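Student: Structure below; questions to follow.
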Ligand code: HMG
């Protein structure tokens with residue numbers, strides 16, 4: 001059977017960032033609660049001309065600069081921060097990047113799990129057409145009410161991923177375990193820009209779905225924990241991955257060291273929750289910070305509130321280090337514009353009405369920008 005998996009991958013952050021120590025100061029919270037209790041230090045905040053489309057387009061453009069578009073016949077856009085109820089966000093990206101017309105484009109939604117639906121769908125498409133490739137873009141803005149419990153777990157970011165036969169980075173293995181249950185742990189009503197969350201229920205739903213998908217994975221002939229070398233978990237905040245790892249240890253009656261998780265936390269600690277992109281930005285972080293991954297098996301636990309989860313594994317290619325790109329993400333994270341608390345609140349409250357024509361000012365020098373609304377339709381531009 002031909003190996004199929006992740007051939008290239010790219011991560012993009014926002015222009016602005018808020019230090020969680022600043023949020024803690026204003027909210028009168030001990031900063032250690034965010035840094036140690038949640039495992040987070042900063043959170044991405046989108047500028048006025050950034051949104052899931054501009055972040056996703058930037059990630060895809062960077063990846064395609066390396067790979068070109070040959071063989072790509074599908075663009076799957078995974079998001080829970082959709083900008084339109086009907087048109088796929090992928091169409092805007094297709095237009096901005098001038099992608100070939102012979103391409104299927106669609107948007108996928110199931111909270112933070114959507115990126116994994118896209119990946120699993122891509123594996124199926126390529127099994128049928130091994131010479132074709134699938135471009136996946138996962139892009140989200142995690143936004144909760146000001147002063148709510150979720151506030152320090154906001155964030156934003158995008159991952160672009162190329163899935164192909166004979167991949168350069170990670171071969172995804174065929175066994176997979178899935179688990180779904182209709183739970184109101186987290187959702188975002190159509191008329192709200194912020195998600196609603198039942199914090200305690202969200203934690204238990206995440207853990208129940210982990211053990212449920214693990215059990216299904218085992219029932220389908222999956223590997224034992226002893227055969228898995230590294231563990232990736234959806235990271236709404238990095239401490240949640242530790243909770244997941246402890247739960248898996250308890251559930252399987254195994255001692256699982258936690259130090260193997262650290263390399264996967266480096267970027268998400270700085271980005272905050274990136275929803276669908278989160279587990280794949282954790283993968284990028286792992287590949288950039290763990291030098292001994294060649295030939296290692298990674299366990300992936302992907303979770304999306306509401307709720308669906310999936311447990312699957314991938315094996316890192318022996319020469320993966322020749323194909324990773326620590327730039328530009330590392331320089332980008334270091335060079336972000338640190339905003340004040342007041343600037344954060346202003347951006348948080350800013351919503352453009354969809355019913356009137358409005359120009360959106362240029363704020364960042366990102367390659368693509370949200371330029372405004374005309375005739376009810378969102379307008380995007382490439383920055384020249
Ligand atoms: P909270 O109730 O404010 O926090 O909200 P807490 O009191 O539970 O404290 C958090 C941790 O900080 C605790 O550690 C405290 O002990 C510790 P733990 O017991 O969990 O190990 N702590 C301190 N540590 C050091 N020094 C201190 C200190 N004080 C306290 N001084 C909650 C926490 C996660 C509920 C909240 O942030 C929230 O509602 N977040 C949003 C929901 C969420 O992220 N849920 C995660 C699972 S669901 C999921 O992952 C899906 C999601 O990504 C959406 C999707 O699928 O699309 C969210």
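Using N, Cα and C of the backbone, Cβ positions are placed for all residues, glycine too.
Automatic prediction, not curation, is the source of TrEMBL annotations.
Grabbed the feature section from TrEMBL, which reads as follows:
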| type | residues | note |
| --- | --- | --- |
| DOMAIN | 4-166 | domain 'Hydroxymethylglutaryl-coenzyme A synthase N-terminal' |
| DOMAIN | 177-247 | domain 'Hydroxymethylglutaryl-coenzyme A synthase C-terminal' |
| DOMAIN | 261-347 | domain 'Hydroxymethylglutaryl-coenzyme A synthase C-terminal' |
Student: What are the DSSP helix/strand/coil residue counts across the domain 'Hydroxymethylglutaryl-coenzyme A synthase C-terminal' (261-347)?
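Tutor: Counting residues per DSSP class in the domain 'Hydroxymethylglutaryl-coenzyme A synthase C-terminal' (261-347), I get 40 helix, 20 strand, 27 coil.
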Student: Express the predicted model's confidence over the domain 'Hydroxymethylglutaryl-coenzyme A synthase N-terminal' (4-166) as a mean pLDDT, rounded to an integer.
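Tutor: Averaged over the domain 'Hydroxymethylglutaryl-coenzyme A synthase N-terminal' (4-166), the predicted model reaches a pLDDT of 98.
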Student: In the domain 'Hydroxymethylglutaryl-coenzyme A synthase C-terminal' (177-247), how many residues does DSSP put in helix, strand and coil?
Tutor: 34 helix, 13 strand, 24 coil
